[in-house]
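Now, the feature entries from Swiss-Prot:
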- H82, H417: Cu cation 1 binding site (BINDING)
- H84, H126, H481: Cu cation 2 binding site (BINDING)
- H128, H419, H479: Cu cation 3 binding site (BINDING)
- 31-146: domain 'Plastocyanin-like 1' (DOMAIN)
- 156-303: domain 'Plastocyanin-like 2' (DOMAIN)
- 363-498: domain 'Plastocyanin-like 3' (DOMAIN)
- 597-622: region 'Disordered' (REGION)
- 23-553: topological domain 'Extracellular' (TOPO_DOM)
- 575-622: topological domain 'Cytoplasmic' (TOPO_DOM)
- 554-574: transmembrane segment (TRANSMEM)
Amino acid sequence: MRPKLLSVEAALFLALPELARAATRKFDFEIGWVRANPDNAFERPVIGINGQWPIPTIEVDIGDRVIINAHNNLGNQSTSLHFHGLYMNGSTHMDGPAGVSQCPIIPGTSFTYNFTVDQPGTYWYHSHTAAQYPDGLRGPFIVHDKDFPYAKKYDEEVVLTLSDWYHDEMRSLIPQFMAKSNPSGAEPVPKNALMNETTNFTMSVQPEKTYLFRVINVGAFAGQYLWFEGHKMQIVEVDGIYTEEAEAEMIYISAAQRVSFLLTTKKDTSKNFPIVASMDTTLFDVLPPDLKYNSTGWLVYDKKAEKPVPATVDSLNPFDDMTLVPYDKMEILGKPDKEVVLDVKMDNLKDGKNYAFFNDITYTEAKVPTLYTALSAGKDAEDPAVYGTYTHSMVLKKNEIVQLVVNNLDSGRHPFHLHGHAFQSVYRSEEEAGIWADANVTEKNLPKTPMRRDTLVIYPNGNIVMRFKADNPGVWLFHCHIEWHVISGLIATFVEDPLALQETIEIPKNHLDACAAANMPTKGNAAANTEDFLDLTGENKPANTLPPGFTPRGIVALVFSCICGILGVAVVAWYGFSAPVGSTSAGALSAGLVENDSGDVHSAQKGPQETVVSPTGDARSH
């Protein structure tokens, strides 16, 4: 037995330097409203931390323990924090989505996140409650790595965020979006694009130096094309996964994606160069005349030289991220044990509003956070039914290889994000290619070492195929990261090895207190039933479906037909009952008063003869 003991001691001794380097990083966050005007066009309330906005960048080292004490000072909104891209291995209860892995943090209360970071790379943190993060609660989360393979190739590191920006708060935009008057589901178009939360980003650079850029799209909606005039990028990381170097002149970054690259400056310092980020306007249903879809910054070599206007580009041809090769050259996972196929569509329900669906299910939050159902359901936790119909939960067995197929039956792009994992991106079709089942692609056609990331763009009416290993017990969302589509229900849930969760996860009292404050149960199925976990009576449900034959286009046509009909009848009635020229009702004349169109009362007077166009188009005078 002595040799075995010595080997353990030796292992502990060798681990001591790593343990010594790991630290506990503690953050106290007071989350509250501040005012800001990032685009110099409109000052508005934004959600800041500790009285400041933009919110702080969190920087830690791999192996560090992170403790965040979050206190909600918003007064009028609940909140939560999600750490986008972090696997939260062994800590699924720290993932952050309210109603999924925790209860919301209601105003005036606090919540503690406590987890260890065991992966390097570029991430971000943001609210995961009620589509709140576009109001400003979003910031970078950087995990440094002493073993970064490109550490000796750069001189300086830069974090660069891109985002769209709205002048109205989400609490006013959401009711406009989810309204009967918007049956086609047209998403609100942002007012501006920001670069590092400003429209005037400048970066002083030195000649012949190499910079590591960590770029994060923290926006709510728009993907962005990014390029540096006169310079090339060497991509070295996407979504926390190191890659082999890949040269690019232009990249596309969807909402929630991250790309890191090396950029080497020129020897000549006589000129400055534009940095251009251009929003993907194909996502917008309309292009308002005041829309500013480009954001321009500058690489400044000479502060005295002019900052040139960006040159016009003939076309937008970004680097294809599907061609990236992971640095560790991890090979494609083997034959899938389980295939999940999700069909994306947008449609209306009986309340007249437009919703988003996976396989005809639009996500509706359960009465009990899904994780808490998994922890309290006993052996029933392996039955997807206990999580409710409308959380769209799928139970995964330990270590099974999952092939996740998404067929986009919609005419727009979507960035799909998986919590708890980086998946292998094994296939992406072109636009209008149809569904995966018709693709005629075999295993030998798939890449040997596919790119891995946690957020992948699917093209209009196309498909994507991803693979991952169910080796991280937890409750993990899969959803579109366009925040408007999160609101409208484009979410599914993976419940991974729930019996292992029951053995390893203990919910802290601080988290249970948050549920008590929010008056939310912490045990039971989706309907909060603790007696019979298969009885879903009383579960939260979306509106009923429409009768067959109704489509968004048909609803729009019906609505406008009704409006036109009502207006037509009103005009005819008004014309038929109008008084002869020069006359006014006796009562109004006797009082010397008449009402104008707005209802204001004015002294009676004869106006000039008016010409009115009848519903038939004839001009009539009265």
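Heads up, residue numbers simply count up from 1 along the chain you see.
Cβ atoms here come from the backbone N, Cα and C positions, even for glycine.
Recorded features from Swiss-Prot, shown on the structure.
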| residue | record | DSSP (3 states) |
| --- | --- | --- |
| H82 | Cu cation 1 binding site | strand |
| H126 | Cu cation 2 binding site | strand |
| H417 | Cu cation 1 binding site | strand |
| H479 | Cu cation 3 binding site | strand |
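In terms of Cα spacing, the binding-site residues H84, H126, H481 that come within 10 Å of H419 (Cu cation 3 binding site) are H84. Cβ neighbour counts within 10 Å, taken over all protein chains shown, single out H419 as the most crowded of the binding-site residues H419, H479. You'll find the Cα of H84 (Cu cation 2 binding site) roughly 9 Å from the Cα of H417 (Cu cation 1 binding site). Listed in sequence order, the residues H82, W124, H128, Y133, R138, V218, A255, A256, H417 complete the 8 Å Cβ shell around the Cu cation 2 site centroid, once H84, H126, H481 themselves are left out.
Using the Cβ center of H128, H419, H479 for Cu cation 3, the list of other same-chain residues with Cβ within 8 Å runs, in sequence order, H82, D95, G96, P97, V100, H417, W476, L477, F478, V486, I491.
The two recorded residues, H479 (Cu cation 3 binding site) and H126 (Cu cation 2 binding site), have Cα atoms 15 Å apart. Residue counts for the domain 'Plastocyanin-like 3' (363-498) by DSSP state, with H, G and I taken as helix and E and B as strand, are 28 helix, 49 strand, 59 coil.
The Cβ of H417 (Cu cation 1 binding site) has H84, A256, D454, T455, L477, F478, H479, C480, H481 as same-chain neighbours under 8 Å, each 6 or more residues away in sequence.
Rounded to a whole number, the distance between the Cα atoms of H82 (Cu cation 1 binding site) and H126 (Cu cation 2 binding site) is 5 Å. Note: the Cα of H128 (Cu cation 3 binding site) and the Cα of H82 (Cu cation 1 binding site) are spaced 6 Å from each other. In the domain 'Plastocyanin-like 2' (156-303), helix, strand and coil residues by DSSP number 11 helix, 69 strand, 68 coil. The Cβ neighbour count for H126 (Cu cation 2 binding site), using a 10 Å radius over every protein chain in view, is 24. Around the Cβ of H84 (Cu cation 2 binding site), 27 further Cβ atoms fall within 10 Å across all displayed protein chains.
The binding-site residues examined here are H128, H481; by Cβ neighbour count within 10 Å, the least packed of them is H481. Long-range neighbours of H82 (Cu cation 1 binding site) (same chain, six or more residues apart, CB within less than 8 Å of its CB): D95, G96, P97, Y125, H126, S127, H128, H419.
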